Amino acid sequence: MATEQTAITRATFDEVILPVYAPADFIPVKGKGSRVWDQQGKEYIDFAGGIAVTALGHCHPALVEALKSQGETLWHTSNVFTNEPALRLGRKLIDATFAERVLFMNSGTEANETAFKLARHYACVRHSPFKTKIIAFHNAFHGRSLFTVSVGGQPKYSDGFGPKPADIIHVPFNDLHAVKAVMDDHTCAVVVEPIQGEGGVQAATPEFLKGLRDLCDEHQALLVFDEVQCGMGRTGDLFAYMHYGVTPDILTSAKALGGGFPVSAMLTTQEIASAFHVGSHGSTYGGNPLACAVAGAAFDIINTPEVLQGIHTKRQQFVQHLQAIDEQFDIFSDIRGMGLLIGAELKPKYKGRARDFLYAGAEAGVMVLNAGADVMRFAPSLVVEEADIHEGMQRFAQAVGKVVA
């Protein structure tokens, strides 16, 4: 006998979900390309991309087909067995990057947890049990587990949970002298986002990343690139390290890797990977067939000249619209980022009001992000159409006008 479903509203969230999020007042129920519709049928243009996740937009036909096909074949085996989609995806990632080995997980946090554990374990077994220092950066974000949130340089996320993992040092981003001051032979790894996403869409300078590479080589430390947000085509290269010409020892990927399906990966060399053995790390769901089938389909589309080269043109269109908005309303002190990870910093008179612009955008029918209290962030689909860019930015301009009026 069928049971009538209880009506779901935004109030339901407050009744059943832990209060760790503050979601919008509307509930999206359908998406197609760069358009989203809520329960009331209102349409939005999506420049948030699920926080840089839906790299091919919503319900891309190739990803839907991959999900349906795999869903009718094999869902889950655990890592007591391997599976074909995981091996295919692993081969694609290795063939396209510096890496020789890959390990799949389910989220950016898990990929980074894996990377940090591997970096410390490698240093302990190859060098010294006292080689455990991790150097990371203020305003970084690497995840929400106790280890990853401690490596992230934001006390607002890491404080209040008791003792933190030890031997983690934070220094200013893009400050090579600060790194040199704390770098020594006890350092096992330097962990960096080539572009700090949550930290305000701040891109590393080429000199900074090259300097980190040299320091790591000098002190036999591993260079770890967290490309969870800036990887998988977001910058216009498949991974940001390719743009900089600086090769890390370990790289993490998530978000856009699955195009909306939860999956992540840690990539490294055979030499570093060999420090792990059976049982050193693991995941019940990591590399499951459903996730890897969808990620494989996403990879095949993103890693093409058509998509990657188009990102630079699309970025310029966004920047031109933001510049026009600034000329009209005088609200931005800086427009920055790389590819389709774009930050627009608010001028001092609008300091702390990024979420006001975000909410006004939603009211006007455009979904955008903030990166801290002072920066608007745009992370749209990598294949967003020009017409959607134009219309969405017109809506955002209307929203800005209402906030500053």
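Along the chain as shown, the residues are counted starting at 1.
Cβ atoms here come from the backbone N, Cα and C positions, even for glycine.
Keep in mind that what you see is a predicted model, and the values were worked out from it rather than measured.
In Swiss-Prot this protein carries:
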| type | residues | note |
| --- | --- | --- |
| BINDING | G108, T109, F141, D226, E227, V228, Q229, T284 | pyridoxal 5'-phosphate binding site |
| BINDING | R144, S283 | N(2)-acetyl-L-ornithine binding site |
| MOD_RES | K255 | N6-(pyridoxal phosphate)lysine |
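Overlay of Swiss-Prot feature records on the structure.
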residue: G108; record: pyridoxal 5'-phosphate binding site; DSSP (3 states): helix
residue: F141; record: pyridoxal 5'-phosphate binding site; DSSP (3 states): coil
residue: D226; record: pyridoxal 5'-phosphate binding site; DSSP (3 states): strand
residue: K255; record: N6-(pyridoxal phosphate)lysine; DSSP (3 states): helix
residue: S283; record: N(2)-acetyl-L-ornithine binding site; DSSP (3 states): coil
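Ranked by CA distance from R144 (N(2)-acetyl-L-ornithine binding site), the binding-site residues T109, Q229, T284 have T109 at the top as the closest. Sequence-distant neighbours of V228 (pyridoxal 5'-phosphate binding site): residues of the same chain at least 6 apart with a C-beta under 8 Å from its C-beta are G108, A111, N112, H142, E193, T252, S253, A254, K255, S264. Ranked by CA distance from S283 (N(2)-acetyl-L-ornithine binding site), the binding-site residues F141, D226, Q229 have D226 at the top as the closest. For the binding-site residues shown (D226, E227), fewest C-beta neighbours within 10 angstroms: E227. In this view, the densest Cβ surroundings among the binding-site residues R144, S283 belong to S283, judged by other Cβ atoms lying within 10 Å. The Cβ of T109 (pyridoxal 5'-phosphate binding site) lies under 8 Å from the Cβ of H142, G143, R144, S145, T148, each of these being in the same chain and 6 or more residues away along the sequence. When the Cα positions of G108, T109, F141, D226, E227, V228, Q229, T284 are compared pair by pair, the longest gap among these pyridoxal 5'-phosphate-binding residues is 25 Å.
All protein chains shown were included, and the count of other CB atoms within 10 Å of the CB of F141 (pyridoxal 5'-phosphate binding site) stands at 23.
For Q229 (pyridoxal 5'-phosphate binding site), other Cβ atoms within 10 Å of its Cβ number 28.
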